[in-house]
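Structure, as structure tokens:
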Ligand code: GRF
């Protein structure tokens, strides 16, 4: 079987990266790119023998040359899908356009509620009774692209951001690998704002 070539971009812990590596059978993570030399994701790449490149934003004069370096690496590894997994930077519209509907992201809320940073705290502060996570294609906005999959979890009265995040994270580790599996099966069709999932 020809496996889909995936490039993962991460900035931190890397638990979604690990879930993708462990759970997606029809795709292969060819390279991990981190923008942060201290990202814990680097150790996970080592554990699974996946090439890891550190592209430190501080070493580049501007966003354009920083992204150019990322693109060079993605091209070198012939990446067909880019998975953002806790990547803490907004990609330029040029970058997004270049890989149109070939970039996915996972966000820890039920979009379009609570985009941006600290989504779990935003949900708690608002007082919602359910929250969850969303896998979406990336467009030029922040957490605004067409939604692929969502999963719902309850918000409990005694939740704090940590307990809610942990409950949501369990679901992230299920739906992100599943979304990539569907993409690798060519089953995701973007139709305006809607992503249709083709039957097999
Ligand atoms: C996750 O909560 C994800 O939804 C958000 O950033 C966090 C990354 O966690 N985009 P990890 O690095 O995958 O463990």
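Residue numbers in this text run from 1 along the chain shown.
Positions of Cβ are set from backbone N, Cα and C atoms, glycine also.
Pulled from TrEMBL, these are the features on record:
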- 5-179: domain 'Formyl transferase N-terminal' (DOMAIN)
- 14, 15, 16: N(1)-(5-phospho-beta-D-ribosyl)glycinamide binding site (BINDING)
- 63, 88, 89, 90, 91, 105: (6R)-10-formyltetrahydrofolate binding site (BINDING)
- 107: active site, proton donor (ACT_SITE)
- 143: site 'Raises pKa of active site His' (SITE)
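Locations of recorded TrEMBL features on the structure.
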residue: 14; record: N(1)-(5-phospho-beta-D-ribosyl)glycinamide binding site; Cβ within 10 Å: 23
residue: 15; record: N(1)-(5-phospho-beta-D-ribosyl)glycinamide binding site; Cβ within 10 Å: 18
residue: 16; record: N(1)-(5-phospho-beta-D-ribosyl)glycinamide binding site; Cβ within 10 Å: 24
residue: 63; record: (6R)-10-formyltetrahydrofolate binding site; Cβ within 10 Å: 15
residue: 88; record: (6R)-10-formyltetrahydrofolate binding site; Cβ within 10 Å: 13
residue: 89; record: (6R)-10-formyltetrahydrofolate binding site; Cβ within 10 Å: 15
residue: 90; record: (6R)-10-formyltetrahydrofolate binding site; Cβ within 10 Å: 15
residue: 105; record: (6R)-10-formyltetrahydrofolate binding site; Cβ within 10 Å: 25
residue: 107; record: active site, proton donor; Cβ within 10 Å: 23
residue: 143; record: site 'Raises pKa of active site His'; Cβ within 10 Å: 18
Q. Just checking: which of the binding-site residues 15, 88, 89 have a C-beta under 6 Å from ligand 1?
A. 15
Q. Hey, what's the Cβ neighbour count for residue 91 ((6R)-10-formyltetrahydrofolate binding site) at 10 Å?
A. 21
Q) Which recorded positions from the set 14, 15, 89, 105, 107 come within 10 angstroms of residue 143 (site 'Raises pKa of active site His'), judged by C-alpha positions? A) 105, 107
**Q.** Other residues, Cβ within 8 Å of 14, 15, 16 Cβ centroid (N(1)-(5-phospho-beta-D-ribosyl)glycinamide site)
**A.** 10, 12, 13, 17, 18, 19, 41, 44, 85, 86, 173
Q) Compared by Cα position, which of the binding-site residues 14, 16, 63, 90, 91 is the closest one to residue 107 (active site, proton donor)? A) 16
Q) Across the domain 'Formyl transferase N-terminal' (5-179), what is the average pLDDT of the model, as a whole number? A) 98
Q: Taking only the Cα atoms, work out how far residue 88 ((6R)-10-formyltetrahydrofolate binding site) lies from residue 15 (N(1)-(5-phospho-beta-D-ribosyl)glycinamide binding site), in Å, as a whole number.
A: 14
